[in-house]
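Taken from TrEMBL, the feature domain 'Pyrroline-5-carboxylate reductase catalytic N-terminal' applies to 12-107. According to TrEMBL, the feature transmembrane segment maps to 12-30. The NADP(+) binding site annotation in TrEMBL covers 78, 79, 80, 81. The domain 'Pyrroline-5-carboxylate reductase dimerisation' annotation in TrEMBL covers 170-273.
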Ligand SMILES: NC(=O)C1=CN([C@@H]2O[C@H](COP(=O)(O)OP(=O)(O)OC[C@H]3O[C@@H](n4cnc5c(N)ncnc54)[C@H](O)[C@@H]3O)[C@@H](O)[C@H]2O)C=CC1
Ligand SMILES: O=C(O)[C@@H]1CCC=N1
């Protein structure tokens, strides 16, 4: 549910042109918060990929990194965590104090980015997800040492055009990463399991896809539209001594909640580790 938001006047420069850059660009272009001609994109070495994005979304390819920086106030780092250092070092000569650096890299702290840049640029760390492409992301946002509140709120507005966005403390963003950045993958995995079970019960693939996806979509939409508690909606489905109760007993027997707890914990731990790895990388080269 994208919010209706007033337009952002400044341009945005995507450094990295992969899956997430495209998902966010798609959402931004669709929501029209930033005109396509104010969206710039670059990557490491695939001109073909840039031309593809340019054609699909009518966005711009700058002549150089310097050109992209000159034309944009917001620089969005959409590279893998272990590439953040190289990308920031390449940008460094072209940054002025007005540039706001937005990172979507899992685990990489604002302190690491501030230290690589060695400047007092505002750094905003975010964690969106791939549903940005259809303006349904769930994004966590936090600011670094130099980030002004007003800038954090502008970045929140940008991400609200591609879904829901909340401002969190930096100490909480690895949890948001585990829950929402990685989250779509867990839901898809669950759906794969439901589909497999449906097929094993004799349903055909086409019907099972339609039925399972609609079941998940309908359940999520009930939560959104009725603002109801999941436990209450669950109870409405569960007839005493009926089929749902039988199914839920099996989920309890295998302790699905415990599995989920461990899943989120593993992902959050990995985000922390990635943070440490990128931190070590800068200390090793200083
Ligand atoms: N894939 C996902 O669901 C999510 C990913 N993220 C984060 O988003 C970031 C990007 O992930 P993806 O889009 O999945 O990766 P990707 O591998 O699809 O894209 C990475 C892009 O960075 C470019 N690149 C590499 N080195 C560069 C450099 N030095 N300068 C400029 N561009 C460079 C590559 O050419 C490529 O276009 C990661 O840090 C990840 O943690 C965050 C939320 C969700
Ligand atoms: O798997 C990853 O590391 C990235 C970050 C969140 C989603 N995908």
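Just so you know, glycine gets a Cβ as well, placed from its N, Cα and C.
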Near the NADP(+) site, what residues other than 78, 79, 80, 81 in the same chain have a C-beta no further than 8 Å from the centroid of the listed C-beta atoms? 16, 18, 77, 82, 83, 84, 87, 104, 105
Specify the count of other C-beta atoms within 10 Å of the C-beta of residue 78 (NADP(+) binding site). 25
Among all protein chains shown, how many Cβ atoms are found within 10 Å of the Cβ of residue 80 (NADP(+) binding site), not counting that one? 15
Please work out the number of neighbouring Cβ atoms within 10 Å of the Cβ of residue 81 (NADP(+) binding site), leaving out its own Cβ. 20
Cβ proximity for residue 79 (NADP(+) binding site), under 8 A, sequence spacing 6+, ordered by residue number, returns 15, 16, 18, 44, 86, 87, 105
Mean pLDDT across the domain 'Pyrroline-5-carboxylate reductase dimerisation' (170-273), rounded to an integer, is what? 98
